[in-house]
Structure formats: structure tokens, C-alpha cells
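Under the heading active site, N6-AMP-lysine intermediate, Swiss-Prot lists K116. Residues annotated as NAD(+) binding site in Swiss-Prot, with sequence analysis given as evidence: D32, S33, E34, Y35, D36, S81, L82, E114, R137, E174, K291, K315. Taken from Swiss-Prot, the feature Zn(2+) binding site applies to C409, C412, C427, C433, supported by sequence analysis. Annotation source Swiss-Prot lists domain 'BRCT' at 592-672, citing sequence analysis.
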Amino acid sequence: MTDIQNQINQLRNTLRHHEYQYHVLDNPEIPDSEYDRLFHRLKALEQQHPELISADSPTQRVGAKPLAGFAQITHELPMLSLDNVFSDEEFYAFVKRIQERLITLPDNLEFCCEPKLDGLAVSILYENGRLVQAATRGDGTTGEDITLNIRTIRNIPLQLLTDNPPVRLEVRGEVFMPQEGFDRLNEAALARGEKTFANPRNAAAGSLRQLDPKITSQRPLVWNAYSIGIAEGADLPPTHYERLQWLKSIGIPVNGEIRLCRGAENVLKFYRTIQEKRPELGYDIDGTVLKVNEIALQERLGFISKAPRWAIAYKFPAQEEMTVLNDVEFQVGRTGAITPVAKLQPVFVAGVTVSNATLHNGDEIARLDIAIGDTVIVRRAGDVIPQIIGVVHDRRPPNAEPIIFPTLCPVCHSAIVRIEGEAVARCTGGLFCDAQRKESLKHFVSRRAMDIDGVGAKLIEQLVDRELIRTPADLFKLDLITLMRLERMGEKSAQKALDSLEKAKKTTLARFIFALGIREVGEATALNLANFFKNLTALQTADLEQLQAVSDVGEVVANRIYVFWREQHNIDVVNDLIAQGVHWDDVEEKQVNENPFKEKTVVLTGTLSQMGRNEAKALLQQMGAKVAGSVSAKTHIVIAGDSAGSKLSKAQDLGVAVMSEAEFLEIVNSFS
């Protein structure tokens with residue numbers, strides 16, 4: 001073997017190792033930049049020596065020409081579906097049927113319990129360790145050949161990480177799109193003026209069925225294995241759970257929420273636990289899959305019709321329901337964004353009665369081809385605002401009315417414009433528009449901004465409606481008599497509001513910047529701006545190049561900030577606020593004292609009772625910590641509040657230090 005070939009093989013093995021550490025174990029050992037450097041080194045060597053390129057090289061995930069269509073593949077072993085249950089009683093009946101066949105008490109029966117991923121079932125075939133074929137489930141007997149697209153999914157190994165691979169190994173699993181990637185995909189589509197996907201499952205399906213693999217490679221898809229089909233030349237473990245762990249050991253990604261449960265009661269505990277975790281998993285699930293763990297018992301139980309007797313899907317209550325669209329109202333937000341809100345015939349969805357749902361923007365109305373009077377499909381997931389994801393066009397009544405997007409603001413009657421490249425249409429009225437003024441003032445007094453206790457949304461509504469305030473500075477000009485004339489404002493409440501306003505005059509530069517409500521400037525960006533410029537004058541006079549030098553400030557955000565300070569009325573409002581006594585200390589270079597969080601990676605999970613997540617994050621950053629969004633082997637500390645979910649479980653599995661909210665606050669207080 002030549003020296004070049006040795007280098008290439010070594011690079012391939014190194015890259016495969018790091019892909020396994022990153023995608024399967026969630027334990028990256030090197031930064032992305034180092035992986036990229038190794039990848040490009042391998043790619044350069046292969047380009048110089050094309051005769052040494054192999055199909056399983058990490059560089060060969062993408063590169064094939066677009067297909068004319070998908071070929072059909074017949075599954076050697078049918079890909080069966082599962083029967084469903086929707087209640088504890090139905091689950092107990094399932095267990096009883098197993099008991100009658102096995103003469104085994106339910107308490108003694110072990111189940112492998114898994115989240116039911118809401119994606120697409122895919123079969124992947126490896127021969128002598130190399131990925132050679134991938135197919136959709138199709139009708140269970142015949143699917144479509146999606147091999148080229150599957151090769152582009154980064155967490156799927158092109159070669160198994162074992163020196164002794166099976167002759168043939170078929171692994172079955174689910175391709176899905178995590179919520180974060182789905183959101184980014186839709187945001188990018190909106191920015192380009194393209195159609196968006198209704199939900200992550202549709203996005204995953206559309207991405208997998210692209211005829212051009214290069215398009216699929218740009219989509220944030222993930223695959224998790226859940227079973228083995230064909231296995232020739234493999235000495236497989238005797239239980240389903242052990243088989244999944246074996247798959248993981250040879251590089252196949254397996255879901256991290258899978259648990260072993262003995263007895264029906266513990267299985268139901270798993271169901272309820274995963275249901276509670278559902279909103280924070282980061283990907284869609286629609287239930288749990290519960291499988292008899294011992295393979296020998298699975299074989300004894302066999303199959304009925306097109307489903308196994310040894311497994312069941314216990315589905316969650318529906319997150320999608322049908323109802324009728326009665327009307328559409330157009331609301332005006334703080335930045336003038338016009339949002340169409342669907343007024344629905346009330347319907348019970350995922351435990352909540354829903355009567356309103358967002359329609360996002362005019363493009364979404366056009367995409368859905370929706371009219372007033374239509375029967376629509378409403379989706380509610382976790383804490384997400386309910387949205388209409390589809391229309392049952394076959395049920396459209398003869399008197400259905402088209403939805404006309406307004407050209408004038410429904411509040412101030414200013415022109416509505418849509419800037420090229422943006423999906424959102426906006427009212428041009430600015431602070432002349434009462435709706436924008438109200439929302440801007442509500443933002444200004446909010447806890448995360450100026451934190452003015454006693455001045456809430458209802459009080460702001462009254463003050464604006466009675467033309468007592470127009471700008472944030474007017475709040476600090478209010479007096480006791482004026483406030484006491486308002487509804488539900490006695491002397492005590494009025495004095496509390498005035499005391500809060502006086503207290504709020506002493507603030508921080510970061511809070512003040514955030515309170516101004518500059519588009520695209522959130523708390524983290526405001527903090528970065530304050531730390532970078534140190535004082536307001538430097539920020540006001542900064543040019544675009546200086547603004548883009550700030551962490552997390554790109555071209556778009558820099559332009560928003562730059563334009564804000566070029567508008568004279570904004571300068572006037574800020575000057576008026578300062579004239580009313582609003583002040584802060586300039587940011588000084590601080591030496592962070594030694595503390596348990598300094599130079600540590602910290603993850604927050606659960607609900608904190610004493611402060612918001614953003615406030616805790618800011619405190620940690622002030623103490624020199626890096627605050628991450630997910631737990632890995634590189635996490636040093638996890639701070640767990642109430643209802644901590646999968647992040648806490650993962651931290652415990654990895655042996656990461658876990659700290660309670662009380663312990664966190666004790667440290668903060670001792671070092672403040």
C-alpha cells in the first residue's frame with residue numbers, strides 16, 4: 001500500500017470516528033473547524049488521486065447527478081405497520097392478550113419502550129459493512145430507492161464502525177427533521193420568497209423525495225434506527241434492547257430516550273414521562289412504541305394481519321383536529337407586522353380549546369388556498385401557538401369568502417407595505433399607529449426590558465387610548481392624580497406604579513438598548529452591544545463596519561441598528577428619557593472573580609422559580625460561563641429547575657454535575 005493510500009485510509013478512519021462521536025454519541029472530541037480541515041485534506045488527496053476514491057468515503061455523501069425518477073425496491077422482509085392504542089384500558093387489553101398467549105404475568109414481562117418518531121420509515125442495507133441501498137417503507141412490500149439521498153444525511157454511517165461486519169445487515173429506522181432545523185429551513189424559504197413547509201414531517205418527506213441529492217444534503221435531516229431486518233453473518237443479542245445497543249456500538253444512531261420497563265405499570269409511567277418531555281425534545285413524536293423485549297418471545301407471539309402481536313403504538317391525544325374558519329382578523333405588532341389571525345369554531349386540540357390560530361402572513365394564506373367558511377386542520381404542539389396546517393378543499397361551501405389582505409392598517413389606516421425579500425407586510429404608521437405604540441410601550445415596561453412593576457398591558461392600553469402617553473418618556477411624566485382617574489387605579493395602585501417608574505430610572509445600558517425595541521435586537525444582542533461599545537454615544541455613532549464587529553451582529557441586524565439611530569424621532573425619545581432621569585453606569589472592563597462557573601460550559605433546563613431563563617443566562621455570562629443549549633460530554637454543569645426533562649436525564653447518564661436552582665442562587669449571591 002502506498003504512502004498516499006495510507007494517508008487517505010487514515011483520514012477516512014479518523015473522520016468516521018469523529019462522525020460517530022458527534023452524531024451517535026453526541027460527544028464531539030474536536031471542534032467543527034478541525035473536522036472541516038481533515039475533511040478538506042481528504043478531499044484534496046482524492047481529487048489528486050481519483051483512482052483511490054471509494055463509495056464509502058466521507059467525501060462521497062453528495063455528488064451524484066439528479067435522478068429522472070425513483071426506482072422501486074421490493075423489501076425482502078415486509079416493513080409492517082403497528083396496531084395503535086389510545087388509552088390505558090386498550091394497553092392493558094394488549095398486555096392481557098400477550099399474557100394469554102405466553103402464560104406470563106404482566107408484572108414479569110419486560111418491554112423495550114421507545115418514542116414514536118413522527119417521520120418516515122426507511123430501510124438501509126449494509127453489505128460487508130458498506131451502505132449499498134436505502135428504501136422508503138412504501139406500502140410495506142415495495143418502496144422507493146432513495147439511496148443517493150440517504151447517503152447525504154450526516155448521522156448515517158456510509159461504513160459500519162466494526163472490523164467484523166455482517167455479510168448483510170438491514171437496519172430500519174425513522175428519518176425526521178428536528179424542530180430547530182425545520183424553523184431555519186422555513187425562515188430561509190420565507191427570506192427567498194418561497195413556500196414554507198407546514199410541519200417537520202412534511203419537510204422531511206419533501207427533502208427525502210428530492211430528485212437532486214444536493215438539495216437533500218442541504219436539509220437538516222436525522223435518522224434513528226429502531227429495528228433490524230435482514231441479518232446475515234451476524235451473531236445478534238437475544239433481546240431487542242441489546243440489539244439497539246449493538247447497533248449503536250457499530251456506528252448506527254439510536255434514539256436516546258429508549259428505556260427498558262418491566263411490567264405494565266412501569267410502561268405506562270414511561271408513556272407519561274415521555275409525554276411530559278415532549279415539548280422540549282426538539283423533534284416531533286406522536287406517541288410511544290412498546291415492544292416485548294425478548295426476541296424468543298417475539299417469535300412465539302408472531303404476527304397478525306400486517307402487524308406484530310408483540311408490539312403496539314400507544315398514541316398521544318391528537319394534536320391536529322378539524323374545525324371551521326369563521327373569520328380572519330388582522331393584528332398589528334410592535335414593529336408594524338401585520339399578522340392574519342384565524343377566528344375558528346372552537347375545537348378541543350391536545351387538551352386545550354382552540355378558537356384562534358395564526359395564519360402567519362399573506363404567502364401562507366395563498367399557499368393554503370384558504371377561504372372563510374372552509375373546513376381547516378388545526379395543529380397545536382406543546383406551547384406553540386396553534387396554526388392552520390391544511391384545508392379540506394372538498395368541503396368548501398358555496399358561500400365561502402376569499403380572504404383579502406388589507407392595503408391599509410386596520411388601526412391607523414396608514415399604508416401597508418411589503419419590502420422585497422421579506423414575507424411580512426408592515427404598517428408604515430410607526431408610532432403614529434396606536435397598535436404599534438401600545439406594543440412598543442408594553443415591551444419597554446416588560447420585565448426583561450425596563451422591568452417596571454405595576455405598569456402592565458391593561459394600564460398601557462388605557463394610557464394610550466386616553467392620549468395620556470405617546471412615547472416611553474411620557475411614562476415618567478405621569479402623576480398621581482392622572483393615574484387615579486383611570487379604571488381600577490386607586491391611590492395605592494397609582495403610587496405603586498409611580499414608585500416603580502422612579503426605581504426603573506436606574507437601569508443598565510443593556511436593558512435600555514433592549515427596551516428601545518430595535519428590530520432584531522434581543523436581550524443577548526443588547527448585552528453584546530453594551531459590552532462592546534461601553535456607552536450609548538459610541539453605539540449611536542457607530543458605523544456599519546463597527547456594528548458588524550460585535551458578536552452575533554450580522555449585516556441585517558447592523559443595518560437595523562444603524563437606521564434606528566439615523567431617525568431623529570428616535571434620538572428625541574432617547575434624549576427625553578435621559579432628561580426624565582433615566583440613567584445607567586457605563587460598562588467597565590471587569591475582571592471576573594474566581595467562581596464555580598468561570599470558563600465552564602453550563603446548560604439550563606426546567607423552569608426556574610426565582611427568575612427567567614434569560615436572566616439566569618445573563619448572570620452566568622457575567623460570571624464568565626459559556627451557556628449552551630444542549631448537554632454533551634463537554635458540559636460541565638447542568639442547572640435544573642422544576643420539570644427538568646431530557647437534558648437532566650442525559651446529564652445524569654453522562655455523569656455531568658447537576659445543580660439545583662437554590663444552589664445556583666446561593667453561588668450567585670455569594671459572588672455578586
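Backbone N, Cα and C atoms are what each Cβ position is placed from, and that goes for glycine too.
What Swiss-Prot annotates, mapped onto the structure for a quick look.
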| residue | record | Cβ contacts under 8 Å, 6 or more apart |
| --- | --- | --- |
| E34 | NAD(+) binding site | none |
| L82 | NAD(+) binding site | V289, A307, P308, A311, I312, A313 |
| K116 | active site, N6-AMP-lysine intermediate | I285, D286, G287, T288, V289, A313, K315 |
| R137 | NAD(+) binding site | M79, L120, A121, V122, S123, G143 |
| K291 | NAD(+) binding site | F111, C112, C113, E114, H240, Q298, W310, A311 |
| C409 | Zn(2+) binding site | V332, I338, A415, I416, C427, T428, G429, C433, A435 |
| C412 | Zn(2+) binding site | C427, G429, F432, C433, D434, A435 |
*If you draw a 10 Å sphere on the Cβ of C427 (Zn(2+) binding site), how many other Cβ atoms land inside?*
27
*Tally of helix, strand and coil residues over the domain 'BRCT' (592-672) according to DSSP?*
30 helix, 18 strand, 33 coil
*Give the sequence-ordered set of same-chain residues, not counting C409, C412, C427, C433, with Cβ within 8 Å of the centre of the Cβ atoms defining the Zn(2+) site.*
V332, G336, P410, V411, H413, S414, I416, T428, G429, F432, D434, A435, Q436
*asked:* Going by DSSP, is K291 (NAD(+) binding site) sitting in a helix, a strand, or coil?
replied: strand
*Count the other Cβ atoms sitting within 10 Å of the Cβ of C433 (Zn(2+) binding site), across every protein chain shown.*
21
_Mean pLDDT across the domain 'BRCT' (592-672), rounded to an integer, is what?_
80
*What does DSSP say about E34 (NAD(+) binding site): helix, strand or coil?*
helix
